[in-house]
Amino acid sequence: MLEERESKELAMNPFQKNESKETLFSPVSTEEVQPRPPSFPKKPSPKICGSNYPLSIAFIVVNEFCERFSYYGMKAVLTLYFLYFLHWSENTSTSVYHAFSSLCYFTPILGAAIADSWLGKFKTIIYLSLVYVLGHVIKSMGALPILGGPVVHTVLSMIGLSLIALGTGGIKPCVAAFGGDQFEEKHAEERTRYFSVFYLSINAGSLISTFVTPMLRGDIQCFGKDCYALAFGVPGLLMVIALVVFAVGSKIYKKPPPEGNIVTQVVKCIWFAISNRFKNRSGDVPKREHWLDWAAEKYPKQLILDVKALTRVLFLYIPLPMFWALLDQQGSRWTLQATRMNGNLGFFVLQPDQMQVLNPFLVLIFIPLFDLVIYRLVSKCGINFTSLRKMAVGMILACLAFAVAAAVEIKINEMAPLQPDSQEMFLQVLNLADDEVKVTVLGDKNNSLSAESIRPFQKMPHYSKLHLKTKSQNFHFQLKYQNLSVYTEHSVEEKKWYSLIIREDGKNISSMMVKDAENQTTSGMTAVRFVNTLHEEVNISLSTDTFLSVDEDYGVSAYRTVRRGEYPAVRCRTKDENFSLNLGLLDFGAAYLFVISNSTSQGPQAWKMEYIPANKMSIAWQLPQYALVTAGEVMFSVTGLEFSYSQAPSSMKSVLQAAWLLTVAVGNIIVLIVAQFSGLVQWAEFILFSCLLLVVCLIFSIMGYYYVPIKPEDIQGSADKQIPHIQGDMINLETKKTKL
């Protein structure tokens, strides 16, 4: 929730309160500004209930709420969509998630250029919102299982996400400023309050969507699986509503024409200064006090002075991307961590992707808490808590958050079952015969899988580890049953889990080797499989749209995933009768095997065995890391923009906003690179990020120690200083007064 801070700070900045939004995007010209022809007074825009608030801002605020609901709602389930619908690895899912986030913060530069230089804010918002809606439609189509295969789903998803990134990034710099355009200059105080309401609508949209869309994904089943199409479709519908609401207010908006892009002017000025200095590197050419003074031949001195002040602040921006690299992992790595935790809080069951709701919720609490309580207490203690110090403390809090995340990850790994290594496999024996069976593995050393005989339907306490000589191998087993010795052979592979199912075969016994699920389940869900000992096929209805069939005579079903919960009466049907099975509680992350038998007079029953234990660690243990990183965000993000705006001229504030967004984009690229090339286990990766930010914090603190803050009046006062004119074979340029 970064652009929200930018819009908020745009209103909070005391050096800008008496300026119109047009000032921020004024073109820079070397010509005298010609007086405008007199204009006839326009009809005043309608107000809200007799106040000084234009009616048009109501449409803009509702539009922003719906758009933020659309964006954050879609993004909340994106990582799990990659992981469990497209079946990508965790590293690939994380990389694509952050590539998308990065693109969303590069495209605002394009949106601002289009609005300020070509279409104006209103048309830019309308056209790019249409692109936005199209992206949502294509993204939702890519989540329909019936529409093509994995390649089609991947292509549609990438096209949809690209269009969404263009849409959300393109309108990002336009909507807030367009709302500011609706106010008259004399209503600056109302405009400031509008930005507070605008900021509240952003947080409300984010808060509600990150709670609702994971419920749409998990609580509603479509095509027998999690309903990602609905989880993406509802945010798409909200974006349609956002577009319609914004368009309805068209006739009452003030629509300032495009006035030129100051970002382009700054880039051209810097490029000209560098190229001009390179052309005049001869020792005969007099040196100049500052390298930007080499732009004096083409650009006015006020612009050059403003760019000088700007570069001082941009230098402090160099370390900032590392903070965003940590902050934005709430939707990727931290969500993946939550899938391996237990979401049952007693009074409520949380989905893994719903934990992200803590960020906007805590932001709404922490901002007034820090402003009204913590900062004032620190000030009363006589501590000079400057803006740069607040930002450094925010970085340290983010470091601590990732250290806590690493500790949680280590604890999760300790509770998880061991994994088979190279040339190893795990085996358990399931005795479905009516008497005890002794199982021995034959080979160089005959190993008994159990010191005692295995009783009928005995639950084995754990898997047995067997060593292989190659990646795949045939194992020979001796089964001792009553007075019989049966020899059997089965092929197995390394790093796999197997169940050796022993069954009756007339007066004899036989066995079959079944490959179990890998020791992982999907998004905190439960994996179930059935063995049918009846003499006829059984059709099982696990939910309204989740069905499976199990063949007769010891048929083994495929795995199915279901939601966590109680299943006291699962409907089953055979050719001759209908009955129900009590499966009991199916908990987070567990895998169960159910054996359907009819050995009692009560009809068919289900014998339950949990061979992958449920997630034991509560998801509530993520609360400390969310609280720390959100506190760091409040201290870093809000304070950073406040400081930046106070240190740069008013004409450079839009450039600062663009540079701030670029630091977010670069931070997401850092995560992408680390996820793809680090090769570290997850807890070690968390420690790596924590240490990297700690080093960056130290560098930033040193930079801040030597930084000399300047006062706003000093920025304007420096305009009176003349840049030396160029003599000799250089152009002697008289810089004209330029109205910014």
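Cβ coordinates come from backbone N, Cα and C, glycine included.
TrEMBL does not curate its annotations; it predicts them automatically.
TrEMBL lists 1-45 with the feature region 'Disordered'. What TrEMBL records for 69-89, 95-115, 127-148, 154-175, 196-216, 228-248, 309-327, 357-378, 390-408, 658-680, 686-708 is transmembrane segment.
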Check your understanding: Near the transmembrane segment (196-216), which residues from the same chain, at least 6 beyond its ends, have a CB less than 8 A from one of its CBs?
Key -> 1, 3-4, 7-8, 11, 60-62, 64-70, 72-74, 76-77, 176, 179, 227, 230-231, 234-235, 238, 351-354, 356-357, 359-361, 363-364
Point to revise | Feature contact check the transmembrane segment (658-680) with the transmembrane segment (95-115), CB under 8 Å, 3 or more pairs | key: yes
**Study point:** Paired segments the transmembrane segment (658-680) and the transmembrane segment (69-89) in contact, 3+ CB pairs under 8 A
**Key:** no
Study note, to complete from the structure: The answer for the transmembrane segment (686-708), taking Cβ pairs under 8 Å and residues 6+ beyond its ends, is 312, 315-316, 319-320, 322-323, 325-326, 329, 333, 388-389, 391-392, 395-396, 398-400, 402-403, 405-406, 409, 674, 678, 680
Revision key, fill the gap. Ranking 127-148, 228-248, 309-327 by Cβ pairs under 8 Å to the transmembrane segment (69-89) puts first 228-248
